[in-house]
């Protein structure tokens, strides 16, 4: 399907909300448009196509989308040929697409999480027939391979290995909007990684809602540990990361693969969500506090230099002060290198939304602030331990905060900023850490 647009400049702008899975979906949307002659811009004023790729994990993300959609009304009035598309998880929710069209009738295209590959077709219909397109598929179809991808980085890339989730945690809407678990064939994954390496990529991150479930439903006999060992054999690849792991499915085989495979980075993102066994049961997480702490001990004993990061939800329905203190003490015991902390957000059609004992906002915010303070104190102490050490860093590009500096990450995920020549981008360099900051390290090149 070719896209036709009479405008001299064929520019598009994509705003992405949410997780790395959404980021990779946006890279595919961008790739499809670029393959049709469009160029990307960050300036909505000059774009002929504006896409919002949405998230619905928290209410805050939805409110941002509504606010930004409202701001496009004047742009559409100024430029009636502007095409506005909205897609992603938020649109997959029951009734959301109709709500958006009723509130923002100037939106041209709406689609969900299962049919992003059909975007060129929808765009063609809007441009050629002047119609409004809304198509939300209620059931996931097969995995579409071979879509063009416009990567954000020339050094590291996301590679999705599976889609969907079967876990149904009581607070989470993801299984309802992303569908059931589907794994890509390992040969397709390896082929994509080999192509990336041939283009000069040094690091890949394997993505999935729960990567440890990889392989279920495939004809070939392979699990996640087996896939990791296959990926480790790709010549020219320097580093491999993965996310996200569900603690209940992180097997001994995966731990041993991280230990034994030289390209697998010593970093595990292991969402705990709560340190209270009672709350974990209410969340339907299928593990308790003791199981999680035993798993952490096992990981640390097999992989001594490992960094552990996590996700934590504060203010889940029924959470008492005692439950919260359990979370604080677990964080102290584990000693996370960083944590993504969230205030519980009610989501329609999830079991937790119907639970009694919803926590008042002021208590949620107080606990959230106490947790962040406790975690940050620990992170500062852990970062201090790097001062004077020499670490290997993959140089990713200019630092976001200071473009005169370069930035990169250690094998175990620590962010390091340093002065150096831009020719080093994409290279592995040894840096001596001269100063630790709360959320990053400052290094100097070791000659």
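From the backbone N, Cα and C atoms, a Cβ is placed for every residue, glycine too.
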Exercise for the section: Look at the [4Fe-4S] cluster 1 binding annotation in Swiss-Prot, where 19, 55 are given, and name the residue from 13, 87, 89 listed for that site too. Expected result: 89
Problem - Structural state census, the domain 'TRAM' (384-447) (DSSP three-state) - result: 4 helix, 32 strand, 28 coil
Exercise for the section: Would you mind ranking the binding-site residues 19, 55, 89, 165, 169 by how many other Cβ atoms sit within 10 Å of each Cβ and giving me the lowest? Expected result: 19
Practice task
Grab the pLDDT values for the domain 'MTTase N-terminal' (10-128) and give me their mean, rounded.
Solution key: 89
Practice task
Under 8 Å Cβ to Cβ from residue 172 ([4Fe-4S] cluster 2 binding site), same chain, six or more residues apart: give me those in sequence order, or none if nothing qualifies.
Solution key: 57, 165, 347, 350
Handout entry: For residue 89 ([4Fe-4S] cluster 1 binding site): DSSP state (helix, strand, coil)
Key = helix
